[in-house]
Amino acid sequence: MRFSVDLKAYAYPDGTVALSDIRFQVARGEFCGILGSNGSGKTTLLKIMDGLIREYDGSVLLDGRDVRSLQPKDIYRTVGLVFQNPDDQLFAHTVFEDVAFGPRNMGFAEAEVKARVERALEAVDLAGAAAKQIHHLSYGQKKRACIAGLLAMGHEVLLMDEPTAGLDPMGEYRMMELLTRLNRQEGVTIVMATHSVDLVPLFLHRLYILSRGRIVRGGPPEEVFTAPAEMESVKLRLPHIAELIHRLKHEDGVPFRRTPLTIGEARREIMELMETTRS
C-alpha cells in the first residue's frame, strides 16, 4: 500500500490550526518516521491517515484513492492504527480473545481465526501467551498484543503512535527490532510517530521532522540529522550517534578520559572504525 499525503490544513473545532502544508509520500514496504516534540501534531496526522479524521483541506491518498472516499471497513482491512496507550485498544479478557476479535469480525471460520491468532502472536514474540489475561501482561507485552491484533486481520500498513513510549531502554530497542523485522521480513509498511531521536537512525528508511504542525525537514535519517542548529530550533536534538559523527567531522574531535591517544589520533581511529563497519 502506498500513501500520498497533501494536507493543506486541518483545524480543531475551536478553529486552532493543528496541521498545515504537510506533503510527503510513503512507499510500499517503507519504514517511515514522523519525529516531533509533544504537541507537534503527530497523533492527529496519524488519525487523518487512518481515516478517523475526515474534515480537512487537502487529500490523503491510499493507492491513489482518497481515504475519505473509502468505507471505514475498506480502510481497516489494510491499515491499522496502534494507539500510544495499549489500554485504550485492548478490551478482552484474554490475549486470544482480543487478537481474535478482528478476524472473527471479518467473517473467518474459527479454524482460520485460531491459525491467524497463532501466527500473529508468534510474529510479535508472544507465542504461548494466548491464554494469558490481558491485565497480567507487561506494558511492552500489551503493545505487542495490539500489533498482533492488526496482523491477525492481515493489515499491510501499521500506523504506530509512539510505540516506544513508556518502555525502558531495552524495551525500546526490542520494540524497534520487532517493527523492523515486520517491515523487512513480512513486508509490512510502517509509519511511526515518535519523539525519541536516538533509535531513529538505526531502523528507518525515511524520516520527517514535524514542528508546530508543519514538516520542516525530511529524507533519509543520515541526511536529516546534519543540522544541529535546525534541530534545536524545533526543540529537538541530534541522536547521540549523529552528534558524535558531527563533532568528529566538523570539530577538533571528541575528548575521552583515560586514553593514551591524543584527540587527533582518537578521531582518526574512530573514523576508520566507522568506515570499516560500513563496508
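Numbering starts at 1 and runs along the chain as it is shown here.
Cβ atoms here come from the backbone N, Cα and C positions, even for glycine.
According to Swiss-Prot, the protein has these features:
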BINDING   G36, S37, N38, G39, S40, G41, K42, T43  ATP binding site
DOMAIN    1-237  domain 'ABC transporter'
Ten-angstrom check, please: count other Cβ atoms within 10 Å of the Cβ of S37 (ATP binding site), all chains counted.
14
Judged by the number of other CB atoms within 10 angstroms, which among G36, G39, G41 is the least packed of the binding-site residues?
G39
Just name the winner among N38, S40, T43 (the binding-site residues) by count of other CB atoms within 10 A of its CB.
S40
In DSSP terms, helix, strand or coil for G39 (ATP binding site)?
coil
K42 (ATP binding site) CB neighbourhood, other CB atoms within 10 A:
24
Using the recorded ATP site (G36, S37, N38, G39, S40, G41, K42, T43) as reference, state which further residues of the same chain have their Cβ within 8 Å of the centre of those residues' Cβ atoms, listed in sequence order.
A193, H195, L210
